[in-house]
Structure formats: structure tokens, C-alpha cells
């Protein structure tokens, strides 16, 4: 068998300088079918990636496409920097099925105070796991920090949802159906920065074009975390705006009055359909390997990099997901 061609599998298969290329990349990374892969299959993919990186023969793969399949399966379950196997529900491939359940529940039962409390708690518990699992690098997160982040995000989302529910009671039903989206956005704005507070305090690693560590920047951490917040909110917007419109139409036409038991299933299934596309497309809004100009970094960081590499004008960092 002819040796496999050598490509840099640590760079995504598709051009990450374009939105379409990033969307194609994340469609593979967030593929919900990857959640079903067994530990044995994941270990096989990991071994293929490690052997190919080391320049060794990979008898398990007949073509370079087989290597790419293993790489994307590996990427769906292992942290890109630490190589640590991620908690299954914290993986990006679990985003679509988990968010389908959570979003469907929030949208279907938004009028009940008990249901609002339960689903916002459930959502923030899930978010805390995802944010911890997909943090940038090996940043340590203490138990107290985890608990603080979790409590702040949950209370923030609950306060937003409950207060808005009271405020919109006399308004158009469509407005009430949009309350869960505002609560989700508020929770993300609290949960993600709290969960990644160590990065904000200490900074994240900056790399050159050859992945050599050049320094640590708090500014890059703040930019990366801001991008993640916007990406997460953008993932939620399509399902949590299109679903209320659909349900409002069905309500006006009397469908829900005739078939009330179809309320939750329709919303959940429709959210799931939208999330298949919204999850990778939301992730693709920003590059995961983000660039920042050396000249725009903190003074001390910039000076240290210029001493090491006076010719270097751009560095890169992993913004997380």
C-alpha cells in the first residue's frame, strides 16, 4: 500500500479564513452522531492521530480521508490543547441533542413559574459543564469558582426570566415566548466569564505561526471570551425566535387548542431541526484559532514578544468554544 500523503492535520481541513470554511469544519466537529462513538472507537481515532502526527505508518487508514475522519472524531471528544478526553455532555457534539431538550422545555413551559425555575436551572447546569469542558488551555478552575459561576448564572437567568414573564403578561403572546431567549443570553453573559475567570486574571497563551509559546495575555483572554459569548447567543437565536413565531401561528389558527398535547413535541422537534444548523453556524462566526496584532497587546507582553521575535507582528490563541 502506498504511503499516505503528509498534510498538517492540526490545521482544519477547510479554509478557516472564510465563514463557509469554518462552518464546514464545525459541522463535522459538532456532528451529534459523534456522541454515540464508543470509548474504543475514540481511542482508535486518538491513536491514528498520534501516529500520523509522529510521521509513522497508519495501517488502519487506506486514504487521507480516513485520517481526516479519525481527526474530526478525535476533535469532537478531546480538548484541542490539553488532549484530555472531555465529559460527554460537555462536548460540542452534544450541544445539539442537549440544547434540543433544554430549548424545547424552556419554550413549551415558559408560562409556569416552576417550569421556568427548573429549565433555567437545568440550562445553567449544562452551560457550566460545557464552559468548563471547553475552556481555553489547562486553566485550573477551583471548586469555589465553579460554584460561584454556577450560582451567579443560574440566579441571573432566573431573575431575568421571572421578572420579564411578569412584565409581559399583558402583552402579545409572541413577546412572552421570547423571554427564554433573553434569559439564556443573560445567563451566558454571566456564566462564561465566571467559569473562565482564571483566564481573565492570568491570561491565555499566545503562539507564533509554528505554535511556539510567545507569552500570555489577559487582553486576548477577554477578546476570546467575548467571542464565545456572542457565538453561544447566536446559536440560541434562530431556534428561540423562529419557534415562537411558528407556535404563535399555530395558536392563532387554533391548532394548539385542538391538539394541546402537541405543544411540547412540536417545539422540541423544531428546535432540534434548527439547532442541527445553528450550532455549527454559530461556532463559525469567529475563528477558534484567533489572531491578534502584537502592537495591540499589553505593553509588557508586547515588549517581551518584540525582544524574542522583533519580526513577529501577529500572534494566535485558542479562544475556546
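Including glycine, each Cβ sits where the backbone N, Cα and C put it.
Automatic, uncurated: that is what TrEMBL annotation is.
As annotated by TrEMBL, transmembrane segment applies to 220-246 (among others).
Within its own chain, the transmembrane segment (266-286) has Cβ neighbours under 8 Å at 19, 22-23, 25-27, 29-30, 32, 92, 95-97, 99-101, 103-105, 107-108, 227-228, 230-232, 234-240, 242-243, 246-247, 250, 319, 321, counting only residues six or more beyond its boundaries. Sequence annotations record features per position, and here TrEMBL assigns transmembrane segment to 266-286 (among others).
Listed by sequence, the residues of this chain that lie at least six past the ends of the transmembrane segment (220-246) yet keep a Cβ under 8 A from its Cβ atoms are 95, 99, 103, 106-107, 136, 174, 177-178, 180-181, 184-185, 188-189, 192-193, 196, 199-200, 202-204, 206, 266-267, 270-271, 274-275, 277-279, 281-283, 285-286, 290, 292, 297, 317-321.
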